[in-house]
Structures are given as structure tokens and as C-alpha cells.
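Taking it in order: structure first as C-alpha cells, then the write-up.
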Amino acid sequence: MAWSDRLEAAVNVALRVPALVLLDALYTWDVSTLVSRLHTNSDGMLFKYKFAVWNAFFLGHILGFAVLLLPIGRLTSLYLHLMAGFLLASTHIIARSYIDFSLTSEESVYANHNLFIHLIGAILAQVLVEVLCACCLKTRKVWRFMGSSLPLIGVLCGLPSSVLPLLQRFAITLSVIQVMYAALSNIYLPYYLLRQAWAEGRQLMAAEGIVTLLIFMWQQLSVPSLFLTFWLVQFMTQTSLPPLDSKEDNLVLILTSVAKCCGSPYLLLGLTSVVSHVAQSLLSLCRLYLHGFSVLLQQDAVYRGISEGVMFLMMAMCTGLLELQLVHRAFLLSIILFVVLASTLQSALEISEPVLLNLAAARDKNRWKHFRALSMCLFLCLFPMFLMWRINLLLPMDSWLILISSTVLTALQAMSSIVIYLLFSFEEQRDWPPEFMDDVVYYLQGFCRGLEFLASLGLVVFSLLEWTGGGWSWSGVTVVLAYAYYNLWQRAHAGWRSLKLRRMAGSRVAAMQRASPQLLAQHGDVCPVCYQDMKVAVLTPCGHMYHPSCLRKWFYVQDTCPMCHRKL
């Protein structure tokens, strides 16, 4: 991405953050309580006050969403017009302050050299601000903004003091008329923009579909970066305030600040974006450590932290994180972040495990590659144990047993990968039969998968026990049913199918005729599957010879001869 594109993307995000700040403030504003506290002597005035408050509330939402959804060109134009308005108001403030000073001063401007220089400086400053207003509105007609300089020009011309306030009011009136004229000239602009957006949206949806339209809007608004920036701004604002209890631990203070920044749906989406970006950064560092800088050129969509962000958002919504008090919210947030961290460690293991096993199977002699992969898997084996020890100090056993299941499984899987790596590394030095290695790898992986299944089953049983006490919801039932289907039923089905295929393949290979040493010496061939010399082989009905372990692995996939594809 070019620097101009990055700058445009940064400006696009920065200009939309105030809209999210406004919407978040309106969400936390308890307008019903404010309306109920209004008291006046007249029922008519009370109705007008309530009407004004509710209108301000709804107009604020409309303004916030409008600024949030405006195209970048129109959004830039809006901010330039607002800047021009503030600059124009500043010129009137300068003129008003100088006129008040002139009314209290008894000396003439020309009689005091310092007053004259100060007046000339004020006029030049006003002219400079008026030129900036013209630049913001992209016009060369600077004279349109010169009305605010009339009071200072009147002072320079020596007008009486009684005329200066009238001249000031006249200048303000000119500016107000100019602003009203500009507003009335663009009164139909929101309608035109809405109609144009509707037409473009319908055209794109008719040509590409609604999914393409949503993706286009997602990219145009830079939604992840927008919510990330918004949450970081709110978090830095929160942490800049002095803590109520300075004796608390730094980790507790940070967690409390994070919990304070989860009080609205907008802040929750912002924290979701932060979690997703942090998970993506950790997984990118893992890949960078394993593969080197060449991995920076690859854009892998699998490890972008999306699953961790979605998991955090789903858990926060199902547990009612927004409705909790600050202390309970901080406690629940720590548990959710622990689960997300465990998921990130599992994703890191999914990256590291194939690298480690490929290095062992390929007989790669690069020791630095072996060290990086082995150290990463060793870290993924020890760090979950450290997390388990830390959470044991914070929570009672009946609360943390269900939480640490995923971290313990990650540690066991990492340990299993290290054991398989060591077996492959020692295979060259030991004359182990191929069936031995195949069985060891299968049973190790099966043991880990069985523990994963038991942990998932325990989580579902724990949820059912919670429901018997009355603490259930439709969203929780939906999540648990989906979890049971994907993590129990599909795992059990895949495991049973793998076991059946293995037993069937073993029985088929065992029923085949063993090739005699004379036949092996006569052919002097290699196994067509692994291309290694054959000391032990089986003879298929079609007359081809294979290693028993190689043919058994082949039968896991299909039941034909690897050479002639005859049905066996």
C-alpha cells in the first residue's frame, strides 16, 4: 500500500471517530431520568422541554450515523465547513475583545504607539483567519468573510465609541446571514446524498449481491480500524485519569480500566477489534519466528485473529457483560480474555506443529530451524501450565477446572508433537519397523483427541448442570448446541470413522500374501508409495508389492491398487 493510500485510510478513520464518540455518549446518557427530573410551573413548558430533550437525543443519533456513513469526500467537506465556521467565530471573538478594551481605554489609538501596533496586528490576524476560511471552503472570494473586520476597521478610522458596539452587531448579523444562506443553499443535500447512495447500493446489490455490498461498505468505512482507534482513544482517556485506589496492583488497574471501556455496544465492538488485532499480531509473531521475514510477504487469511474476535464478542453477548456492575464486569472480562488467550495458543500450536513434524520427516539439517520450531512447541507446552498455576491462585477449584481444560489440552498436544518429533529424529539411528512409528503416532494423536473430546463433553455437561439451576437463556442454548454439534458429534463421528478405516485396512493387509525373500531379491525394486527399499513386503492379488505400512495408509484413503488402480 502506498503512503498516499495509508494517509487517506488514516484520515478516513480519524474523521469518523468523533461520530462514534457522540453515539457512545448518547448511549450512556440516561435521557429518561433527565426527562423525569424536569419540573416547571406550566405543563405546556414541561411538554416543550421534554420535546426538546427527546428531539436532541434522536437528532444526535441521526447526526452521528450520518457522519459515520458519509463518503470520505463529503466527510472532508463537512469538517472543512465546520473549521471555517469556528475560524469565523474566532474573528468575531477577537473583534469583541478588542472593542471591549477600546471602550475601557480613554486614549486614542493614534496617541499610543503600542495600541496602534496592537490594532494593526489584530487586523492582520483577522485577515489571515479570513484567508484560512476561504481556503477551507475552496473559494477565492475572501471579501465574503471580511465582515468580521468591520469593527476593527471602525476603530482604525476613529469612529465614536457609541458606534462600535452597533458595528459589531452588524458584523455578527452579516456572518449569521451568510451562514444561514449557506445552510439553506444545501438544505436538500442530505436528500440528494441519500438518494444517490440508495441508487448506487441497489445497482451494486443487483449486479453482485448483498454480500458484496456489505463487504464494500466494510472496506470503505474501515470498520476494524475505526473501532480499534475509537476504543484506544477511550482507553487512553480513561487511563489518564487518576485511579481511585492507587494501592491496587497495576494489572488490576489495567483490567478495571478495560472493564470501564466496555459500557456500551460501541465500546464492546472496539474491544473486539482490539482482541482480534492482538491475536493477529501474536500469531504473526509466531509465524515470523518460525519462518523468518519471508512470511511477511504472505497474506494468510486463516490466522488473522477473526475467530478470536468473534469468540470474544459471542461470549460477551451470551454472558451479558454490558449489564454487569464494574467489579463483576472486570471479573467476567478476565475469564473471557483467558479463554480467548487459550484459543490463541491453540491457533499458535496449529501453526507450529506442522512445521516441527515436517522438519523431522524431511530430515532437514538446518539446526536453527529445528531450534525455533522445537522452542516454540516447548513454550506452548509450558506457558499453559503457567496460566493454570496463575488462575489457580485467583479462583476456587470448581470454577477454574472447566476453564483450564483447553490450556491443558494445548500443553498435551504440544508435548505429543515434541514426542513424535523425537521419535522421527531417532528413527534413523534405530532400526524400528515402520509399523511401530505409525502405531505410536496414531495412538498419541488418538490419546490427545480423546482428551479433547472428554473436555468438550465436560463443558457441555457443566452447562446442562447450570441450566438445571435456572440459569439458562436462548442464546446460551444456541451456543451450547452448536458447540456440541461441532465439537462432540463431528469429533466422535470422525474418530469412529478413522478407527473403522484403520481396522479395515489392517485386516486387508493382514489377509494378503507376504512376499518371500527370494521374490524380493529377484525384483530388487523399491516400494511405489515411499520409494524405499523393501525388506518386508506384501503381495497384492494383482501382483504388485508394497510395504505393509504404506499399503495400510493407502487403504485409509481408497481401496484400489496404487499402481494399476484395480479394486482390492
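Note that Cβ sites are derived from N, Cα and C of the backbone, with glycine treated the same way.
Features as listed in TrEMBL:
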- 527-565: domain 'RING-type' (DOMAIN)
- 9-29: transmembrane segment (TRANSMEM)
- 49-70: transmembrane segment (TRANSMEM)
- 77-95: transmembrane segment (TRANSMEM)
- 115-137: transmembrane segment (TRANSMEM)
- 149-167: transmembrane segment (TRANSMEM)
- 173-194: transmembrane segment (TRANSMEM)
- 206-233: transmembrane segment (TRANSMEM)
- 302-324: transmembrane segment (TRANSMEM)
- 330-349: transmembrane segment (TRANSMEM)
- 370-389: transmembrane segment (TRANSMEM)
- 401-426: transmembrane segment (TRANSMEM)
- 471-489: transmembrane segment (TRANSMEM)
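The stretches the transmembrane segment (206-233) and the transmembrane segment (149-167) do not meet in space: the count of Cβ pairs below 8 angstroms, excluding pairs fewer than 6 apart in sequence, stays at fewer than three. Proximity of distant same-chain residues to the domain 'RING-type' (527-565), defined by a Cβ-Cβ separation under 8 Å and at least 6 residues beyond the stretch ends, is recorded for 433-435, 438, 498, 501-502, 504-506, 508-509, 512-515, 519-520. Two recorded stretches are said to be in contact when at least 3 C-beta pairs lie under 8 angstroms, sequence spacing 6 or more; the transmembrane segment (173-194) and the transmembrane segment (370-389) fall short of this definition. Beyond its flanks by at least six residues, the transmembrane segment (77-95) meets 15, 67, 70, 122, 125-126, 129-130, 132-133, 136-138, 145, 148-149, 151-152, 168, 171-172, 175, 179, 182 of its own chain at Cβ-Cβ distances under 8 Å. Non-local neighbours of the transmembrane segment (149-167) in the same chain are 91, 95-96, 98-99, 102-103, 108-110, 119, 122-123, 126-127, 130; each lies 6+ residues outside the stretch with a CB under 8 Å from one of its CB atoms.
Outside the transmembrane segment (370-389), and at least 6 residues removed from its termini, the chain residues within Cβ reach (under 8 Å) are 286, 289-290, 338, 341-342, 345, 348-349, 352-353, 355-356, 359, 364, 400, 404, 407-408, 410-411, 414-415, 417-418, 421.
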